[in-house]
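Working notes, structure below.
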Amino acid sequence: MALSLPSAYFIALGLEILLNGMYTSLFIASMYLLLRKKKKTKVIIIMTVVNSIMWAVATSHMSVSFQQNYVAFLKQHAADGSDVFEDNASPTIYSQLSLESINIVLGDSIVIWRAWTLWSRKTWVIITSATLLTGTTAAAVGLVRAFATAPPGISVFDNASLSSWAIAFIASTLVTNVWATTLVAYRTWTHSRIIREITGEGLRDRFRRQNGVLSLLIESGVFYSTTWFIAIIAFICGNNGVYIVVDMLSQLTAIYPTLIITLVCLQSTLEVAISTFDQTTRDNPEWAERNRRRRNGPSIVSGTSMAYPMQPMKIGMKTTTQTTTSGPTGFETTTEDIVIDGKPQSLSGGDGWDDADKVTSHAV
């Protein structure tokens, strides 16, 4: 049995209210962590402002959805089969789209910022990410404009312009999040490989042990990207379930970036682990060089030398010949000593090496 449009809107409202309650709790926790920071850096101030805007926008979206369902079910009798929900050109619809678009652009900006910092603020990362974000913003503006200028009483599935802009908008933000997630995943993999070679333990294993599986899922953004993928599939198939997913995303688009902000405040993100490793590498160039040689090819250096600093040395054998004419025939004495870095070494002493020096004599 196909899901009816009134049922989809009613279920969507219930899930949106539930997610907004969870989001409000997370918002309060994140604001507490942000405001208790003694040093108010520029990043902290920006995150505080963006965090507040996203919560206000998400809560406004929920309020509009509640008002829409209240009027439709209690005053226009939508449950009896009214086509009130079919009018996608109503001001309520494009006001909801406007609010959700704001949070999507802000949320994608935070996701991009997180990936950019993990890549040590490389120029090519921010240029590519900014291009994708610009495409998402343009698609959002085009979508809102298409809904605002659409004729009344029209369904989004029956209008080519509305469908095209909707697919473009969902696809653009999906690509942006997949791009950011790929950057984070590759950065995680490269550092995990290095750490595994050094310690035998992967960064992923260490991160999971310290923060749990949930933190890893948050950091990778797999769940968030998957939700957008489900949304675009449902829309292409013309399933009314897309209204449920879209209303859920009105809160998830704010929840996901807020989780990132919270983890940054707690200093428990992958960024901290990678930054710490990079700082260690910069502060210990000799250790980094030894590790690089070890990764790039076979080495005769033992495992002990990887843990303790060692210097190259030259080891040789010094031969001394002395000739004496005393006696009827005379003698020639040859002494061989070990020389390390140009310094003769005495091998006699309490090491059990008393007979190490080789002395030979023969008549001449």
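Cβ coordinates come from backbone N, Cα and C, glycine included.
TrEMBL assigns the feature region 'Disordered' to one of the listed ranges (79-104, 339-364), namely 339-364. The highest tally of CB pairs under 8 A with the transmembrane segment (242-266), across 6-34, 43-64, 123-144, is held by 6-34.
Listed as Cβ neighbours of the transmembrane segment (6-34) (distance under 8 Å, sequence separation of 6 or more from its ends, same chain) are residues 44, 47-48, 51-52, 55, 58-59, 61-62, 65-66, 68-69, 72-73, 78-79, 81-82, 85, 240-241, 243-244, 246-248, 250-252, 254-255, 258-259, 261-262, 265-266. Outside the transmembrane segment (43-64) by six or more residues, the chain places 16-17, 20, 23-24, 27, 30-31, 34-35, 37, 92, 95-96, 99-100, 102-103, 106-107, 109-110, 250-251, 253-254, 257-258, 261, 264 with a CB less than 8 A from a CB of the stretch. Below 8 angstroms of C-beta separation, residues 94, 97-98, 101, 104-105, 108-109, 112, 115-116, 165-166, 168-169, 172-173, 175-176, 179-180, 183 of the same chain, each at least six residues beyond the ends of the transmembrane segment (123-144), sit close to that stretch.
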